[in-house]
Amino acid sequence: MLRSLGLGLLLFALLALVSGDNDYVSCNCDDEGFLSVHTILECQRVSDLLIAIAYFSIPLELLYFISFSNVPFKWVLVQFIAFIVLCGMTHLLNAWTYYGPHSFQLMLWLTIFKFLTALVSCATAITLLTLIPLLLKWKVRELYLKQNVLELNEEVGLMKRQKEMSVQVRMLTREIRKSLDKHMILRTTLVELSKILDLQNSAVWMPNENRTEMHLTHELRANPMRSFRVIPINDPDVVQVRETKVVTILRKNSVLAVESSGCGGSEEFGPVAAIRMPMLHGLNFKGGTPEFVDTPYAIMVLVLPSANSRVWTDKEIEIAEVVADQVAVAISHASVLEESQLMREKLGIQNRALLRAKQNAMMASQARNTCQKVMSHGMRRPMHTILGLLSMFQSESMSLDQKIIVDALMKTSTVLSALINDVIDISPKDNGKSALEVKRFQLHSLIREAACVAKCLSVYKGYGFEMDVQTRLPNLVVGDEKRTFQLVMYMLGYILDMTDGGKTVTFRVICEGTGTSQDKSKRETGMWKSHMSDDSLGVKFEVEINEIQNPPLDGSAMAMRHIPNRRYHSNGIKEGLSLGMCRKLAQMMQGNIWISPKSHGQTQSMQLVLRFQTRPSIRRSILAGNAPELQHPNSNSILRGLRITLADDDDVNRTVTKRLLEKLGCEVTAVSSGFECLNALSNVEMSYRVVILDLQMPEMDGFEVAMKIRKFCGHHWPLIIALTASTEDHVRERCLQMGMNGMIQKPVLLHVMASELRRALQTASE
């Protein structure tokens, strides 16, 4: 373009120079007619003026263009402007040379401007010669820029296609993730992908549970001729697709392609592509990281239509791969949600079962507590009353036989009270075990009382009774007196109930180590523990049934033999259970209990071996009945005249406890509730030194009464002593925390009551 402009300007300058020549000597012009010399000169003059005007306007336009644009080679344009201006001046001066003689000045200026025009035109021509190579280089660069523009257009087109693909994939992904149901996700994928890629058909194949077959579970256009399609998982195309991460183009005769086309072999179909989709489940994840497990794969098959000879493009393949990844993620999320819902349902069922179990346990616990309260009220309290009365009888003056009978009754009642406490206070967390109450006691007294009870039972049931007690038995031993007496009573009852009357019962007590060879064989078989320390002693209790050698002929004895006996031969389960419980008790006391059968399996004797810790003792005959007490009782002078308030809601127990306190010389005011106790303490005229409270009173229990007493009466006086039937250890600690000074555990015995009162008074006076 610039070269054409330069050539045009050069030709224009040459014509201007030619037109400025005024030498008309050789002109042979005709002066007649319209085209006369004068007319021609006028036309040339007008033309020169118009050319001058045009030459003067063109530089102005170029100057305006240069001032408002940034074009290269401005100095070339400046040369053109000078050349055009000089040409214009030449034409302007030449217009005055057509009439008459010319002045010297006009010819001089015309010559000067022509000379300048010649110089400028030559300079411009030379400049164009140097500029043409640069212009040619510009042309090459223009071609290069055109090539770059074409490449940029291709890249822009690719970016537009990628953007379009991303938009389509995003729309498809949004449609897929609208649902969290696996079947809806797959159905939506097939429909939307078919719209985007203009597919003839699409299908999804799922593996079965055993991973031996691929089942056609979802299809865009199902073939009505076949309702179910199965392909073996070891099919070559299936294996190839499952082992490849990218899209696989299937063969025309592929079973997977034919079965997924929806044509059934009757119609043509286009190229078929297949890609695998991992089917991850929630169990494959731990902390968000998949385990290295054999992941099952589904296969998505996409079929193009046969028209227009379409093939799979890179864009379509990329869309299929991206969609397959998105479907795998969506299905894994749906699987996790489904499994979480199932887990939530299972947890809900378990929670409801736990709530029902908790309610049942609370109801059972409530029923157990209610039963314990009823049993405590119906069994404990009467037994506590009996024990309290017997303790009063023990302090009275009696004959030796009466004292033995009262002591036997006291011991039996104590054992029965312990059994009742075991039944009522036993806790499931204790596994049915009862704690031992180990203390020092008189073994002679225990044997004497057991023999008294055994003789009474034997005579009542028509048996004779004999007693064989070793004289060198120690008196003071350490062990559980109640449990020992309980086991001995069980042996007597068991032997008497398992045989008929008319025989003799022998109650034998010996020191271990002096028995027969049969006893030694028992020890050798490990029936009791023999590896104890030297300061322990083994005592063997035995109850044996023997035939009467010379039966008495008096009527009383004969009458006793016909007394009906209670027998339990048909209740072997209860007998075994009782024997097992007694064996556990004996083993807890480092001993054992067993039965020695005679001929034909008939029970004839029962042995019990127990271990006791020995202490220095006074060895006296048991039958003499004058064994000393463990300790001499302290004087009750400190208790005489002591003002005591007794609060117990049970009338019988309150009366017995009041009688025990009065026997100790105390002045007792008995009330039946906590409110009456507080009213009695508010009486200024009566200054009570001791308050005895039953902890299980209704309306206001003993703890609440004690708290109110300490709040209004002070922290030191009156002394507060609790009465409770509970055997739990934490009760005493709670009593001390509530400001009480002592605790007496029911049954209330006379010597226990006196000892606790003396201890509390002595502690308070210190």
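Cβ atoms are placed via backbone N, Cα and C, with glycine included.
Quick look at what Swiss-Prot annotates:
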type: TRANSMEM; residues: 5-25; note: transmembrane segment
type: TRANSMEM; residues: 49-69; note: transmembrane segment
type: TRANSMEM; residues: 75-95; note: transmembrane segment
type: BINDING; residues: C87, H91; note: Cu cation binding site
type: TRANSMEM; residues: 115-135; note: transmembrane segment
type: DOMAIN; residues: 181-331; note: domain 'GAF'
type: DOMAIN; residues: 374-612; note: domain 'Histidine kinase'
type: DOMAIN; residues: 643-761; note: domain 'Response regulatory'
type: MOD_RES; residues: D694; note: 4-aspartylphosphate
type: CROSSLNK; residues: K746; note: ubiquitin cross-link
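The average pLDDT computed for the domain 'GAF' (181-331) is 77. Spacing of K746 (ubiquitin cross-link) relative to the residue listed as '4-aspartylphosphate' is 10 Å (Cα to Cα, whole number). For the recorded site, C87 (Cu cation binding site), the DSSP three-state label reads helix. Counted within 10 Å of its Cβ, the other Cβ atoms near K746 (ubiquitin cross-link) come to 25, all protein chains included. Across the structure, C87 (Cu cation binding site) and the residue listed as '4-aspartylphosphate' are spaced 142 Å apart at their Cα atoms. Residues near D694 (4-aspartylphosphate) in space but far in sequence (CB under 8 A, at least 6 apart, same chain), listed by position: A647, D648, D649, D650, N653, G702, A722, L723, T724. Of all the Cβ atoms in the protein chains shown, 28 others lie within 10 Å of the Cβ of C87 (Cu cation binding site). For the domain 'Response regulatory' (643-761), residue counts in helix, strand and coil come to 53 helix, 25 strand, 41 coil, using DSSP. Summarising the environment of H91 (Cu cation binding site), the number of other Cβ atoms within 10 Å of its Cβ, over all protein chains shown, is 25.
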